[in-house]
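Engineer: Quick one: this structure, given as structure tokens, is what I'll be asking you about.
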Amino acid sequence: MSWSLQPPSFLLCCLLLLFSPTGLAYVATRDNCCILDERFGSFCPTTCGIADFLSSYQTDVDNDLRTLEDILFRAENRTTEAKELIKAIQVYYNPDQPPKPGMIDSATQKSKKMVEEIVKYEALLLTHETSIRYLQEIYNSNNQKITNLKQKVAQLEAQCQEPCKDSVQIHDTTGKDCQEIANKGAKESGLYFIRPLKAKQQFLVYCEIDGSGNGWTVLQKRIDGSLDFKKNWIQYKEGFGHLSPTGTTEFWLGNEKIHLISMQSTIPYALRIQLKDWNGRTSTADYAMFRVGPESDKYRLTYAYFIGGDAGDAFDGYDFGDDPSDKFFTSHNGMQFSTWDNDNDKFEGNCAEQDGSGWWMNKCHAGHLNGVYHQGGTYSKSSTTNGFDDGIIWATWKSRWYSMKETTMKIIPFNRLSIGEGQQHHMGGSKQAGDV
């Protein structure tokens with residue numbers, strides 16, 4: 001086919017299609033471009049076929065053009081920014097002027113110092129954060145404690161609104177000693193008031209009453225070492241410690257009270273000493289006609305004889321093997337009472353002061369129930385304050401370096417001792433005051 005054979009109108013249409021804008025200027029359609037000439041209809045695709053082809057791709061071409069225009073716009077902006085940056089560098093940079101000596105090193109050192117300061121402040125910050133958390137925990141704990149205390153105060157205030165009641169049970173029955181109280185029908189051990197014949201007023205004691213009707217008046221008790229027995233003369237005279245309804249506290253009844261009880265009757269008293277070691281084994285020692293003299297005689301201890309008991313007669317002294325006179329100078333019958341501030345012993349020193357107690361000291365002792373409470377029983381010179389056997393000792397039962405766990409001293413009228421307990425009565429050879 002030759003282009004010279006096409007009609008002018010067809011050529012004009014093709015030129016319009018080729019050179020006209022693809023956007024809004026001209027849109028090719030069958031009506032304005034297609035020439036229905038059978039001579040070319042099936043052989044010349046440059047008429048209606050070209051119009052259909054361009055029409056189908058027109059939208060995509062327009063989108064691509066807009067994308068290219070946007071890319072060109074951004075590139076122009078970046079170019080402008082780069083030019084401005086180059087101008088700024090040219091203003092501050094002088095290629096003809098060399099850098100100052102040490103400028104780079106100085107900047108490096110400043111950078112290092114800044115890093116070190118940052119690290120230091122970060123560590124300090126962490127430390128402060130830890131302290132703040134710790135203080136916050138203390139604050140919260142204290143707040144809880146304050147809340148608990150406020151609750152307890154409120155409870156106490158509520159209790160104080162109620163009438164006061166004595167929670168310690170003191171029995172109503174009274175007598176001159178615990179045996180008289182038992183004779184009046186009392187069957188329960190506990191706290192009772194007694195008034196010995198020469199006493200100006202009644203005082204509280206712990207009575208141990210058994211099923212046979214025996215009423216023991218308790219003079220001393222050691223249980224757990226909770227009470228310090230290093231007291232002065234007045235304290236031993238008046239008594240110290242606490243009396244409990246259950247008999248489970250430590251105390252010394254008082255020398256004046258012991259004197260008033262033991263000297264009041266024509267029927268003499270028997271003294272029983274009860275001991276318990278740290279393995280739970282127990283033993284006793286009984287003494288007949290036990291008495292304690294008045295303060296004017298320094299509360300002198302006397303007894304007639306050792307009745308018996310598997311603990312042995314430590315009050316009669318003990319031969320420790322240190323000196324032939326050990327037994328004589330460690331006996332207790334007829335000895336006056338001594339404390340650290342009132343020395344009445346036979347020793348050139350002060351037995352009560354060196355042993356930290358008050359007792360009927362000789363020079364010094366074989367039986368000592370008011371001594372220092374040594375936990376576990378066994379002790380040594382190195383574990384004591386002055387290097388002496390200052391424990392709760394009973395040398396005829398345990399070594400003088402073995403301290404008892406529990407002790408009790410109690411008295412009862414001599415005629416109330418039970419024959420069935422297996423006590424051995426040694427009526428002969430009784431010791432009187434001053435025999436030692």
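Every residue gets a Cβ built from N, Cα and C, even glycine.
As listed in Swiss-Prot for this protein:
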- 1-25: signal peptide (SIGNAL)
- Asn77: N-linked glycosylation site (CARBOHYD)
- 169-415: domain 'Fibrinogen C-terminal' (DOMAIN)
- Cys178-Cys207: disulfide bond (DISULFID)
- Asp343, Asp345, Gly349: Ca(2+) binding site (BINDING)
- Cys351-Cys364: disulfide bond (DISULFID)
- Ser430: phosphoserine (MOD_RES)
Engineer: Please report how many Å separate the Cα atom of Asp343 (Ca(2+) binding site) from that of Cys351 (disulfide bond), as a whole number.
Structural biologist: 8
Engineer: So among Asn77, Cys207, Asp345, all listed as recorded positions, which is physically nearest to Cys351 (disulfide bond)? Use the C-alpha atoms.
Structural biologist: Asp345
Engineer: Say we define neighbours as other CB atoms within 10 Å of the CB. Which of the binding-site residues Asp343, Asp345 has the fewest?
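Structural biologist: Comparing Cβ neighbours within 10 Å for the binding-site residues Asp343, Asp345, Asp343 has the fewest.
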Engineer: Taking the Cβ of Gly349 (Ca(2+) binding site) as centre, how many other Cβ atoms lie within 10 Å?
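Structural biologist: Around Gly349 (Ca(2+) binding site), other Cβ atoms within 10 Å: 13.
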Engineer: Tell me which residues of the chain lie with their Cβ under 8 angstroms from that of Cys178 (disulfide bond), as long as they are six or more apart in sequence?
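Structural biologist: Correct list: Tyr192, Ile194, Val205, Cys207, Glu208, Ile209, Gly215, Trp216, Thr217, Ile412.
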Engineer: Please work out the number of neighbouring Cβ atoms within 10 Å of the Cβ of Cys207 (disulfide bond), leaving out its own Cβ.
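Structural biologist: 25, counting other Cβ atoms within 10 Å of Cys207 (disulfide bond).
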Engineer: Of Asn77, Asp345, Gly349, which is closest to Cys364 (disulfide bond) if I measure between C-alpha atoms? They're all recorded positions.
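Structural biologist: The smallest Cα gap between Cys364 (disulfide bond) and any of the recorded positions is with Asp345.
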Engineer: List the Cα distance (Å, whole number) between Asn77 (N-linked glycosylation site) and Gly349 (Ca(2+) binding site).
Structural biologist: 112
Engineer: Across all the protein chains here, work out how many other Cβ atoms are within 10 Å of the Cβ of Asn77 (N-linked glycosylation site).
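Structural biologist: Other Cβ atoms within 10 Å of Asn77 (N-linked glycosylation site): 9.
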Engineer: In the predicted model, what is the mean pLDDT computed over the domain 'Fibrinogen C-terminal' (169-415)?
Structural biologist: 96
Engineer: So for Cys364 (disulfide bond), how many other CB atoms are inside 10 Å of its CB?
Structural biologist: 22
Engineer: Is it possible to get the count of other C-beta atoms within 10 angstroms of the C-beta of Cys351 (disulfide bond)?
Structural biologist: 23
Engineer: Which are the residues of the chain, Asp343, Asp345, Gly349 excluded, whose CB is within 8 A of where the CB atoms of the Ca(2+) site average out, their centroid?
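Structural biologist: Not counting the recorded site residues, we get Ser338, Asn344, Lys346, Phe347, Glu348, Asn350, Cys351, Ala352, Glu353, Met361, Cys364.
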